[in-house]
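What Swiss-Prot annotates here:
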type	residues	note
BINDING	Gly18, Ala19, Gly20, His21, Ala22, Gly23	FAD binding site
BINDING	277-291	NAD(+) binding site
Amino acid sequence: MSVKKASFPELFDLVVVGAGHAGCEAAMASARLGLKTLLLTINADRIGHLSCNPAIGGLAKGHMVKEIDALGGMMGLWADEAGIQFRLLNTSKGPAVHSTRAQIDRDAYMKAVQRDVFRQDNLWVWQDTAENVLVENGRAAGVSTLLGQEFRSRAVCVTAGTFMSGLIHVGLTHFSGGRLGDPAAQGLSASLRAVGLELGRLKTGTTPRLLRDSINFDVMVEQPGDNPPRPFSFRSRHARMPQVPCYLTWTNEATHEAIRAGFDRSPMFTGIISGTGARYCPSIEDKIARFPDKDRHQIFIEPEGLHSPEVYPGGIPTSLPLDVQKAMIATIPGLEKAQIVRPGYAIEYDYANPTQLKPTLETKVLPGLWMAGQVNGTSGYEEAAAQGLWAALNIFCGLRGLPAFIPGRDEAYMAVLVDDLVTKGTLEPYRMFTSRAEHRLLLRENNADSRLTPAGRSLGLVDDAQWQLYTAKKTALEQLLAELDARQVRPDAATRDIFVHMNEAVPTRSVSLADLLRRPALGITDLQAFGLETDGFAADVLEEAQTIVKYSGYLKRQEELVLRTARHESVVISEAADYAAVHGLTREAVEKLSKVRPRTLGQAARISGITPAALSCIEVYLKKNGWL
């Protein structure tokens, strides 16, 4: 039911704390599903802000944007509206790992997010700082704020990003902040500890921003986008904004010398920073220290927007002193006269190790309290948005008495993300890669809709327009696959000439178009020579049909593997299980199982140190207690 926004309700269904990518995705989904939702933010002017690089997508990340979209989420639509360059990455490899990445106009993206957030029925916004999670009768019951407000709710979702006790470092100068220009949330960490959560400390960083007009692009390598650009959303026909290039330059030995000269004033090397940094997004000073033999590092000059005076030099995040940053920049080809508009900096912040969460992202220690996004130890906009949507769907299911939304690792990258987090935890910022998904052949960007849109529809987040697009594509794909299987090509004189012209062996018997498509050198459009009409099919339908046919053998083996492992995934472990009472388990196994409290035997198997023998012991215990 839609509720127009008048005065604030006395009782919200959900309070979302933080309006970054996790918070906006969670709040929009919750409100669209009919839950009365409050989005609480430290700065309403920065709702949906891209705090680091002006880009969305990338390897495995593009898959998650597509999955968010397939479920009815928003990130793909917002990215398509603000995208100023789109590229499909990994095209030299198989289609399973092709990933979309878009440069984003930072202001246009934020405006799109804020427009939808402020217009959305059932969704209220309040600028303030969350100080405490309210608890009543052993459940989260709302939040209180720095301004003394209390917002009562049936559920709370903390999506605080880097804001919990955030500490910013530029050289040996450090000060409180959630990001440069915004205050930190100082009280929330203590409140979360008070309800029983254990918090750790992580670190991330960003690059200095440069004045566009002070850069010499002529000595750099231009990096154009794809033409035509391919949007993220299954609901988008095309990109909306003019497309612009990026540029590539490199560091050199003079750059590295300038950086080394500042090591003695680096907060990372002097021990001032205690938080663990991102392994896969290291600072430039870390790269120089760890790889002294490498004579240069790439720097991608990324536009901040069509009309922005700033650019983002991707590849040189740093927390070195400002004078060192200036000296470093001045040695880079094309940046000799570049002016720094904003310094690069590192930020430390509190996070909750996600083994303290259920697979729904609800905390184990306090019912009604959910956590999503960077506060769970992840890095990246896309990982955050995926968690925000996941949490919102499960909050909706919980409040409505529906089964939890927990797809398997063979169904979604976001499922791999959440399962890794709640099962293994993380002591460093977690980033998604295609290599983390053991069933990645089944998890292609192009089939995200067939994997997840029916689930989004059944939950109520996929609207009629999106459902019609999905069913039309599904019908067209089924029609095309049927035609490829049914239509036969005979080795007669006419077809023989076609095969010879294509440099292909002539078959000795009649073969289907699908059989021909399995030949490595032939693509689906080549089959037009044999009478296949492709003009009536959209490009994504043709591409998906080609993938399904060409990789049918591999896909079948992958599906068989999923079936073989499905038995463990279907064995649910009772919440009442006492691992100390399981005969045959080692002390290590008891400790890890008691901490994670896996939902299924399959999840238990993915905990480090849990052997097949331990799984057998658990299964015997479950049967003995009548839980199997």
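FYI, residue positions are counted from 1 along the chain as it appears here.
Cβ from N, Cα, C; glycine included.
Scoring each of the binding-site residues (His21, Lys287) by how many neighbouring Cβ atoms lie within 10 Å, the top position goes to His21. Under the three-state DSSP scheme, Phe291 (NAD(+) binding site) falls in the coil class. For Ala19 (FAD binding site) paired with Phe291 (NAD(+) binding site), the C-alpha to C-alpha distance reads 37 Å.
Cβ proximity to the FAD site centre (mean Cβ of Gly18, Ala19, Gly20, His21, Ala22, Gly23, cutoff 8 Å) flags the following additional same-chain residues: Val16, Cys24, Glu25, Ala26, Thr159, Gly161, Gly373, Ala384, Gly388. For Gly20 (FAD binding site), the same-chain residues 6+ apart in sequence whose C-beta sits under 8 angstroms from its C-beta are Gly48, His49, Ser51, Thr159, Gly161, Gly373, Gln374, Ala384. Around the Cβ of Ala19 (FAD binding site), 27 further Cβ atoms fall within 10 Å across all displayed protein chains.
Ranked by how many other Cβ atoms sit within 10 Å of their Cβ, the binding-site residues Gly18, Ala22, Gly277, Ser283, Phe291 place Phe291 at the bottom. Residues within less than 8 Å, Cβ to Cβ, of Gly23 (FAD binding site) and separated from it by at least 6 positions along the same chain comprise Val16, Val17, Leu39, Thr41, Cys157, Thr159, Ala372, Gly373, Gly388. Counting every protein chain shown, the Cβ of Cys281 (NAD(+) binding site) has 19 other Cβ atoms within 10 Å. Long-range Cβ contacts of Arg279 (NAD(+) binding site) within its own chain (separation 6+, distance under 8 Å): Glu428, Pro429, Arg431.
The CA atom of Ala289 (NAD(+) binding site) is located 34 Å away from the CA atom of Ala22 (FAD binding site). Other Cβ atoms within 10 Å of the Cβ of Ala289 (NAD(+) binding site) number 17 in total over all chains. Rounded to a whole value, the Cα-Cα separation of His21 (FAD binding site) and Glu285 (NAD(+) binding site) is 28 Å.
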